[in-house]
Amino acid sequence: MFYYLIRKLLFLIEPEKAHFLTLKYLNIKNFLLFDFFFYKTKMASKNIQCMGLTFKNKLGTAAGIDKNGEYIHSLSKLGFGFIEVGTVTPLPQIGNPKPRVFRLIPIEGIINRMGFNNLGIDNLIDNIKKSNFKGIIGVNIGKNKNTRIEHAVNDYLICIEKVYCYASYIAINISSPNTPNLRNLQYGILFKNLLYKIKKKQKELHKKYLKYVPIAIKISPDLSKKELIYISKQLIQYKIDAVIATNTTLDHSSVSGLENSLQKGGLSGFPLQKRSTEIISILSKNLQKKIPIIGVGGINSIKSAKEKIASGATLIQMYSGLIYHGPKLVQEIINKA
Ligand SMILES: Cc1cc2nc3c(=O)[nH]c(=O)nc-3n(C[C@H](O)[C@H](O)[C@H](O)COP(=O)(O)O)c2cc1C
């Protein structure tokens, strides 16, 4: 109830500003130890094993909430079992012109075309070090806008090398619709070449640091069944540690006629829920439990979280659901899904 009142106020503000203010508030609240005096969350602890790591529960933050790793502690205080920061790129970049985030309130959707605005991998590493956080941190990496697609692999290798000692796992984002040509990396020879080179780099760094950091690939919901079967085969062949399904969709047909539906960018939230669950089912059938799935897309209730798990997801993540339903949903999902 309290969150829905706050939400009314937040929704009067432009979405990107509201997001920033909310996270700043969480950091201040955390700093002042409000939780200690006013609020103790009761969270059932259900450890989950995935990618060789132990997660304190199944639910994590989806990439994009904390692009620069500035709110790791505050987000974990909400109860999340893991925090995925990023997407970060080798060099800082400003992203697309504002406004670039739009609410579709009646259907609990968001369209964004942020375009990997971030302060770069070095700044993210500094923030992880400063945070002193002991839980699971996934670092989601991407390529700079100005890097040609034929040289994109180098951007991923630079980030893997830099972040290897500071990440619990690394997520390779090849599915954002807001960086021109990025999604080409999901197909054919570009995909195989990427998997081969990141696996080679992982092996080299494992040997150097005597630490194995799992690597997950984040895919789009706009892939056909045939493409998903191909991707599954390659993930098994290259022994990738996990797949994250899914990123936002370019298919806006389910929201046509609504305010903001014609905005360019990736659609997330409830309108993505069914499609991302279908993708998880197809992956689950084809991966035959050889590679775990991290399910994300439109989780806005205990039921939708359970559906992702029943379809084959070992872990789940949420972004838009947090905007529309607040921290209480985090606790409900952790305790009941
Ligand atoms: C404003 C916004 C920014 C996002 N930024 C990123 C990002 O930087 N990297 C990424 O992999 N996914 C990003 N995403 C996608 C989410 O991580 C998630 O895959 C997608 O929104 C579906 O989940 P949801 O329906 O729970 O929001 C972003 C989503 C939103 C709404």
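Positions of Cβ are set from backbone N, Cα and C atoms, glycine also.
Annotated domain 'Dihydroorotate dehydrogenase catalytic' per TrEMBL: 48-335, in sequence order.
Residue density at Asn140 (FMN binding site): 25 other Cβ atoms are found within 10 A of its Cβ, drawing on all protein chains shown. Residues or ranges marked as FMN binding site by TrEMBL: Ala63, Gly64, Ile65, Asp66, Lys67, Thr87, Asn140, Asn173, Lys218, Thr246, Gly269, Gly298, Tyr319, Ser320.
For Lys67, Asn112, Arg113, Met114, Gly115, Phe116, Asn173, Asn178, Asn247, Thr248, the entry in TrEMBL reads substrate binding site. Within the same chain, residues at least six positions away from Asn247 (substrate binding site) with a Cβ under 8 Å of its Cβ are Asn173, Ser175, Ser176, Pro177, Lys218, Ile219, Ser220, Pro221, Gly266.
The secondary structure of Ser176 (active site, nucleophile), as reduced to three states from DSSP, is coil rather than helix or strand. Neighbour count (other Cβ atoms within 10 Å of the Cβ, all protein chains): 25 for Ser176 (active site, nucleophile). Per TrEMBL, active site, nucleophile is recorded for Ser176.
Ala63 (FMN binding site) sits 13 Å from Gly115 (substrate binding site), taking the Cα positions as reference. Checking the binding-site residues Ile65, Lys218, Gly269 against ligand 1, the ones whose Cβ sits under 6 Å from it are Lys218, Gly269. The CA atom of Gly115 (substrate binding site) is located 12 Å away from the CA atom of Lys67 (FMN binding site). In the shown protein chains, 22 other C-beta atoms lie within 10 A of the C-beta of Ile65 (FMN binding site). Residues Lys67, Asn112, Arg113, Met114, Gly115, Phe116, Asn173, Asn178, Asn247, Thr248 make up the record's substrate site, and a Cβ search at 8 Å around their centroid adds Gly64, Thr87, Gly95, Ser176, Pro177, Thr179, Gly265, Gly266 from the same chain.
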